[in-house]
Each structure stands twice: as structure tokens, then as C-alpha cells.
């Protein structure tokens, strides 16, 4: 009889019948299988536990790095083994705020969102103005000035993202060129580019940012060469030739003309050259000559006569908003001295006008800000006007106790309305503007959302001045709505309609400059970019407050000269603070 081959002999072990006839071997095989299964499962469990431990350690490392960054030097880490406690005072209200695990976790989530937005920009739109996430390409909506990159510089620095900041810094040093045959918005270029560069300089002390800020500001200066000093709103960066938009009938826009003072005063302080401050401040002196008794200016101003267009809308929303914001903030930037007293006086006059525009909805009594058209009021409020609660909170301390309480109370009422702009839609994201009708409260008008920051901005101010964590909770809810509706694999997008959630194809530069920065600060200790030492421009770029010792204008209107050149140093030992200047 022929012998089976050795290979045939081996194959019989794979046949089930072999084991069915031999129960002991079947039992042995089952035992081997069970032991092997437990071994593999145990190994996988160890791997998962190891990965979880690594993740936990990484989170702890991130928190320690944040604390180290806030402390400013490694030697402080040994001294900060206990909880860091900040005491914040406002209107005799002193409270303590510990760095708690919930805030740390939320702040890390916001930082991760910033990294996602930034890395998407780096991957698909590096050096261009803005990212179009859905089509994964960049677009030069501001003439190729690297708007998102420049707008993001201080956010990267504040969040401790040093590698990303350094990469952006190298691009600024080697590739940022303003000699472009491009007609730029004086306003947008000032708040995004000049403001972004100055803030990066104040935070880092790196002079390349100051040099670039001076370069672009010099190209904008001819816009102020008008009979009144009220600037034209557009200018060719390479050739000059300032002019206004055709659709304004040749008029200058109020917000566009009155929202350069913070940046240009700061530039004069840091360079020692008075020309920037003189140009920007002449605008306010001109407007002061004919300032209305209610402090409410229409959105169109004639640059030749200085007269306001009486037919134009009065609004704290689009085209009016930041003019009023800067009246207050220049007063703060100027150390509230005599040289800037007229800014505060004009602002207080305008706040009386604001009070006349406040109405309440039915049935829920939401306070809102009307727009004024001629002699009539429109029950419409822009989401842009949601900066007002923060502005009122910031400015309330300059009043006496009774008026301060009234202004601060209005601030809280308005921020509740703004938060409900978000809560009233299916996506929990706010529309562009809202209408108020009797018996219906608020309803969305223009229904898009383009990642705006104004409500979150006001939440930061209200939280810092009250210590009420409700404002943090509202901000967290807004952040989660952005994460749910606006985040995609290649960045963040706005919504074409907050009711349906249909997405657009643009990641606005101010989402990185403002929205994410304010969210990060909302969950940070109040001493991180302290309001006592910094003032934010309207694009959320913090500028260091330095002493201002100008002489007050004389009766002939001689222009004030700025202080001698300020010396700015990077972060010192205090959390989020720059060392005192020389």
C-alpha cells in the first residue's frame, strides 16, 4: 500500500473530522484558542491603556505649557505649584478666579480649533488672503496682503503656538510686499494689517513687524489729504490716487473714516514719528466741530465740507459701529488724560443718543438697538452691533456710580439679546441681522452667518467684569455650534442660511483674528492680555497701553505731538503681560 505524502499528512489536521474522532485533541485545541484569544485581548487592552495614558500625559503637558507660557519663565513653574489666583476689581466688585480644569479643557478645544483653521490655511492657501475650504484653494480678497496670516499672528502668539508663529513671521519678513497695483480699503487694511502687525510687535518685540506696519501705513497716508482731513476710503497701494466708493456718491463712510486712530496713534508712539497720529486725530477734531447734541452721526460724511449727510442712516451696525468704539478706546489708550478727554466726552454724548435708540421686544422684553432713518426708527439690529454690550461694560467705570450701574445694566440686557440671536435659530448660530415685531420678539432678516465675533467679544468683557460664569457657558455653547455647523475637514466655513445650515465657501480672516481669540480669552485668566494694560482694536488686535503726555491742542487747533518713542518688550513674568516700558 502506498504511503501518504508528508504534506497530505499535515493537511489532515485542518479537517474537522479529524478532531471529532479525537475529543481530547479537540479539547486541547479549544483551550489553545481561548488562551490565545485572552492573550491577544490583553495585549490590545494594554495598548489602549497605553494610548490613553499617553493622551492624558499629553493633555497634562499642554496644560503645563500653557501655565509656563502664562508665567513667562520656567523658574516660575516651580513657584506656581499651587493654583494661580487672580483678583479682579471692577466697580468695587472683587472676585477670585482660579484656573480650573473645565476652563483649561475648553481653552484647549479652542486652541485645537485654531490649529485646525490655521493648518488648513497653511495647506491650501498659504500666503493668500483667505481660504475657501470647500474648494480647497486661496483667494486674494485684499489684494494679496496675506490677510489671514497677518490677522492670525497675535492669536498664534497668545495661544503659545510658537512654531506656527515663527513660520508666519518668516513669511512676513521675506514675502510680504505692499507694492501692489491694488485699490485697497483704507479701513480694512488698517484694522487687519496695520493692527495685526503692531500687535505682533507689541507681543514679540520683533522689529520686522513694526517696519512692515510703517511701510503699509505710509502707503495709506495720502488718503487723508482732503480739505477737511476726513479721509477717502480707498487708495491704490502702489500709486496712491485716493478716492471713495462710487456707490456712496463720493461720500466717506463714518466707520471707515473714524476707525484708524488706535493704530495710527500706536504707530506714532512706537516710531516716534508724529505724522500718523496727526492725520488720524485731525478727523476727530473736525467731527467735533459740528458734533450733534445726541452724538449720533449718519454713516456718510463729506470729505470736502465735513458735513454729515442728514438723509443717511444712523446705526451702531454696519458702517457706523467702530467709530463709537474708537472714541472710547482712544481715551483708554491715552491713559484717560487731558489730551484725550474730548474722546470720552464725545463718546458719552453718543451713549446718550444710544439710549434713545433702545427699545424692548414683546412678549420677552429683549432690549435691542434701533436704527434711525431721518426722523423715524427702524426695529432692525445688526449682529455687528453686538459689540455694544462689551463697549458699554468697558466704558461704564468712567461714570459716577449711579450712571455706571445704569450703563452696565444695559450692557447685560443687550448681551442677553445677542446670545438669543444664536439660540433662536435651528443651527444655534446667529444671522446677520434681526427684526423685532410686536408680539413676535426677534426674527432673522439676512440669514447668513460668516463666523462673526461680536457677541463672543462682549461675553469676554461681561465675564471679566462680573466673574459670572454664565457668560462662559454662553460662549461655550456658541463655540460648539461653530464646531457642529461650520467645521469641515479643510477648515471652517460660514453658513448661507442659519435656518437650513447650508454652508458657504469662505473662512473669513477675522474668524482666526477675533472669534477664536476671544473664545480663548473667555476661558483664560483675566490677566492674560489684561484690560488694564492692553486695548483691543476693532479686529481684536491687542495694543499695549503706554503713557501719553501730549499737550492739549491750543485754540488755533495746533495738532498735538505724540510722546517720545515707546519701547515695547515681550512677555515678562506676569501672566499675559508685557514688562513695563522704559
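Cβ coordinates come from backbone N, Cα and C, glycine included.
In the predicted model, the coiled coil (47-74) has a mean pLDDT of 54. According to TrEMBL, the feature coiled coil maps to 47-74.
Positions annotated as active site, proton donor by TrEMBL: 188 (among others).
Per TrEMBL, active site is recorded for 321 (among others). The local packing around residue 321 (active site), expressed as other Cβ atoms within 10 Å of its Cβ over all shown chains, amounts to 24.
What TrEMBL lists as disulfide bond is 386-418. Within 10 Å of the C-beta of residue 418 (disulfide bond) there are 27 other C-beta atoms, taking all protein chains into account.
Annotation for residue 432 (active site, proton donor): spatial neighbours 382, 383, 445, 446, 447, 448, 449, 450, criterion Cβ-Cβ under 8 Å with sequence separation of six or more. Summarising the annotation, TrEMBL assigns active site, proton donor to 432 (among others).
TrEMBL lists 454 (among others) with the feature active site. Same-chain residues at least 6 positions away in sequence with a Cβ under 8 Å from that of residue 454 (active site) are, in sequence order, 383, 384, 385, 386, 387, 418.
Within 10 Å of the C-beta atom of residue 538 (Ca(2+) binding site) sit 25 other C-beta atoms, taking all shown protein chains into account. Feature annotation from TrEMBL assigns Ca(2+) binding site to 538.
Taken from TrEMBL, the feature region 'Disordered' applies to 554-582.
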C-alpha spacing of residue 188 (active site, proton donor) relative to residue 321 (active site), in angstrom: 14
Intrachain C-beta neighbours of residue 188 (active site, proton donor), sequence separation six or more, cut-off 8 angstroms: 142
Packing count at residue 386 (disulfide bond) (other Cβ atoms within 10 Å of its Cβ): 29
